[in-house]
Amino acid sequence: MGNNDFKGDEKLENFSDDQIEKINLKRIASVCVCILFFQIINLFNPQFYVQRILWGGMFLLSLSAVIFLILILVIKRNSSFKNISFIYKLFWSILVIGVFPFLYRDASMSLIPLNCVVLAGVLICAPILKKNDLRFIYLVSIIVNVCACLYAKDIPFYYYLQVVIINITAYLLANNLHGKYMELFDKQRQAYKAYMNSILEQESLKAKLNEEKSANSAKSEFLSRMSHDLRTPLNGIIGSSYLALNDDIPREEVNDYLNKINQSGKYLLSLINDVLDMSKIESDKMELHPEPYTLSEFLDTVNSIIKEQCSEKDIDFDIVCKEVDIKCVMLDRLRFNQIFLNLLSNSVKFTPKGGKIDLIIEHLSKDDDKIKKRFIVRDTGIGMSKEFLAHAFEPFTQEKAGDTSEGTGLGLSIVYKIVELMNGRIYIESEPGKGTSVTVELEVDIVKDMEDKEEKTEFDLNKLKGKRILIFEDNELNLMIAKTLLEQKGIYAECAENGKIGVDMYLNKEPYHYDAVLMDIQMPVMNGLEACKKIRESNKEDCKSIPVIAMTANAFAEDIKCSIDAGMDEHLAKPIEPDILYKTIYKQIFK
């Protein structure tokens, strides 16, 4: 059977049944037409009028033929017609019953059961029925034949035996023939299934190919933007460094260049952090670490960073707090700040000079343990198109492929995932040329014992003066920076260029000679993880208590886990912020 015989809109599981149904309906229609023609011919047969019972049979068959022809037309027009199997059984049963007068005539005249043979032949060839339906029809045929013999009276036993054997033989032949039909239709079904599967497979491959092309295109654009965005701060660092090294410029200009180097370095770090965060999100390794956080701390952080950015572009920035009745909640302050600093930085980036940005905080609901707040970041910037809004939270996407604005295209995607981790809700409303409004709704735990929770750790960094720290670091520049930062606070720093030298230095000193250890991870001879294990497994009195702080460029979640598993107390990712370094050392020494 060729491909033209298949119709793609037919359901695969009903394919064979549909074909059988069509054949059965056609054959019923053919038999009905033949019956009508046969009865019309009998009207001109003088011998046909001899027995009235033949007229009864003719009337029943003719009426049935007309009714079933009408029924077939109804079924064809109504594709959802049910109980089609019952219609088949009813038709063939009525046909058998309608032949009763002719069977009776043969029996009463002791003729050869010719009509029985004709009926059996029709039942063999005409219908294609399921096995149970076929058995039912032949059972009806046997009963009707036997009844015709009984009605004729005084029929010899062999005649009964003949009609029964004819029907049984016909059933076996029909069953065999129908088995061939079903086998053919099963092959047809399999061929159709293979054909449809090949089409579906091709469509699936095309869809995957298009998805991969789209993903690769987005990643290519991302890499292109990353290349641009990495070069921009690097250009600032290299250019400002070159200018600062000039001997003929005043100190004020040198400070200005150094400040630009610092800003470019921080921006470069933010780009790298975005990529790291996205990596954590895609591998489901981003975790939240809730801690008490006050609204005033949050607002101070936002003001200190965003206010300055807005001032540089002459943008009006306002914070509006409505119904603030809870001052302290449990939040991951790093990720919470990341949400709104990211959204507000986007607003600053895409709002022209003289525009306006608002951070609106609204109260939604409150119970004994939780409070729900709505945060709205609204700006009068360039806005987003409806087409882009549908993909705004997808990674590596920006409004324009050739956009000259800075950014990786990861910011909104990271924000969305953090809000999702916090079981919150985020949505965007925007119109090109009129601005954007980003709404974040979060439900957080309330901190009840405010007085205890608001007590902050006081960092008296003067207490670090005179402390002694052992630094494990193989990179000379990194070692110089770490040593200088410590010495600026009056800390004595001793240095080891690899893990083995550092462990030997620690073991050869008296217990508590060192107050803490700063440990790089990737070093020659012995890495930081092995070195830390050696320290923890030694027999020195302070081997378990001495603080070991990882200070490494390995910044992924699995790297932090490896550091903690090796026995380290803290993990600081390079580049190191001096304030964070001092506070971490202070916390570990005076814990």
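Backbone N, Cα and C atoms are what each Cβ position is placed from, and that goes for glycine too.
Remember, it's a predicted structure, so these values are computed and weren't measured experimentally.
According to TrEMBL, the features are:
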- 225-446: domain 'Histidine kinase' (DOMAIN)
- 468-589: domain 'Response regulatory' (DOMAIN)
- Asp520: 4-aspartylphosphate (MOD_RES)
- 28-47: transmembrane segment (TRANSMEM)
- 53-74: transmembrane segment (TRANSMEM)
- 86-104: transmembrane segment (TRANSMEM)
- 110-129: transmembrane segment (TRANSMEM)
- 136-153: transmembrane segment (TRANSMEM)
- Message: Sequence gap of 6 or more, Cβ distance under 8 Å: name the residues on the same chain that satisfy this around Asp520 (4-aspartylphosphate), in order along the sequence.
- Response: Phe472, Glu473, Asp474, Asn475, Asn478, Gly528, Ala550, Met551, Thr552
- Query: Taking every residue in the domain 'Response regulatory' (468-589), what is their average pLDDT?
  - Reply: 92
- Item | Structural state census, the domain 'Response regulatory' (468-589) (DSSP three-state) | 52 helix, 23 strand, 47 coil
